[in-house]
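Quick notes on the structure that follows.
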Amino acid sequence: MAVLKIKGGKKLSGEVNVQGSKNAILPMLAACILCKDFVRIRHCPKISDVYAMIHLLETLGCDVTWEDDAVVVDARTIQSAKLVEQQARVMRSSIILAGAMLGREGKIEISYPGGCSIGTRPINLHLKAFRKMNVQITETEENMICTTSRLTGEDIELDFPSVGATENVILAAVLADGMTTLRNAAREPEIVELCKFLRKMGASITGEGSERIVIKGVTSLHGADYQVMCDRIVLGTYIAAIAGAGGEADIKVNCVSQLGEVCKVYEQMGVTIEKTDSGLYVQSPGKLNKVDLIRTRPYPGFPTDMQSQTMAVLTKAQGTSIIIENLFEGRYKTVSELRKMGASITVEGRAAIIKGVKALTGANVEAKDLRGGAALIIAGCMAEGCTTIADIQYIERGYENIVDCYKKLNVNITLA
Ligand code: EPZ
């Protein structure tokens, strides 16, 4: 199996672009099912989660082709309503096809999305909302069968602002009978992007980005041509790499305003982050301040998807920092790998206590999950000597052209 090899200790410099957003494109690809037409989405990242979602769309009967960085979905014909194969089990995001298929066909038989390395990933909030919208759900050992004679618009309040549950309700509501008011909705930028995309397809949605979204069911949707926004977590990962290794770089990006708490935390560490005409200028002295306490929260709080990367950066900060991971119980798996590189981290339940050390040392480590793998790239840039990262398939789920991108930032990185 291929491994990433990084020779660390160099300051970062240069200029890099930011790929399209994984967590926006996945629900948008599901949304394509809602129209019997062609849909083109430009700036689509070539990552394995996108390839997996495309495979599921093709399993349902869509034709999907690439035109440079645009993906073109022909959703005129749906031939199946069953996603019970391994692929659906493997990819957590497959559940997002349920809302779209209920809107299009009024039925879907789908495997329970597997838990993944960061947690059990329940879907109770999705199913509770579907049942309220006149969906009957029968559950077998491995699969569930969702059917409805007619989706009805309803008043729904989520027990937790779940991103996936918010997306699934929106996808089911756009063609439902009547009005759906969704309260305690997730406010992530990816929700806003999905709603802008659906409006381009003819949907009637207001309130996205707030905790109350109103969707007025329409009779049909049509095709669209849309450019997906940049990936704010890939952007944050670049900021973390520059912060940890030191140096300065220009990041070409159009989603600067979505970093919320991330910029505040990195500026507390001593990193300079300035808006430029084409994105962001990021500069780091290398020696960073600790951060007393970081709690991961739903947007606009500090994103859980930036937790592992930030932990890596804080391993060399001056002093002790504390992270509380509130979203996913399994998101500290990379601590063991960072310890192999000399980090001093103690985990107590949801809390990670990171005591800054003078230096990290290159080591042979393994990616345990997507963002933890990205954290190891950052630690490899920070460490003295050579680091190899195995199981990079986790990282390739969400990061496009890793070697090319980090080489542009003066990182000595190769695929071996
Ligand atoms: C989305 O996952 C993202 N994935 C995740 O990014 C991200 O970490 C997460 O939102 C939070 O921002 C995609 O968009 C594809 P949730 P999702 O439903 O929708 C609990 C990455 O690294 N919950 O908001 O699965 C759940 O257990 C990935 O790019 C229920 O209890 O997240 C968790 O504690 C990782 N019941 C919390 O809510 C449910 O029915 C947040 O989950 C659903 C969720």
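In case you wondered, yes, glycine gets a Cβ from its N, Cα and C as well.
Positions annotated as domain 'Enolpyruvate transferase' by TrEMBL: 7-404.
Cβ contacts within 10 Å of Lys22 (phosphoenolpyruvate binding site), excluding its own Cβ and spanning all protein chains shown: 26. Annotated phosphoenolpyruvate binding site per TrEMBL: Lys22, Asn23, in sequence order.
Long-range Cβ proximity for Leu327 (UDP-N-acetyl-alpha-D-glucosamine binding site), meaning a same-chain Cβ under 8 A and a gap of 6 or more residues, is found for Thr296, Arg297, Pro298, Thr304. Summarising the annotation, TrEMBL assigns UDP-N-acetyl-alpha-D-glucosamine binding site to Arg92, Asp305, Leu327.
For Cys116, the entry in TrEMBL reads 2-(S-cysteinyl)pyruvic acid O-phosphothioketal.
Under the heading active site, proton donor, TrEMBL lists Cys116.
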Length of the line joining the Cα atoms of Lys22 (phosphoenolpyruvate binding site) and Arg92 (UDP-N-acetyl-alpha-D-glucosamine binding site), in Å: 13
Cβ within 8 Å of the mean position of the Cβ atoms of Arg92, Asp305, Leu327: remaining residues of the chain near UDP-N-acetyl-alpha-D-glucosamine: Ile118, Gly119, Val163, Thr304, Phe328, Arg331
Euclidean distance between Cα atoms of Asn23 (phosphoenolpyruvate binding site) and Asp305 (UDP-N-acetyl-alpha-D-glucosamine binding site), Å: 11
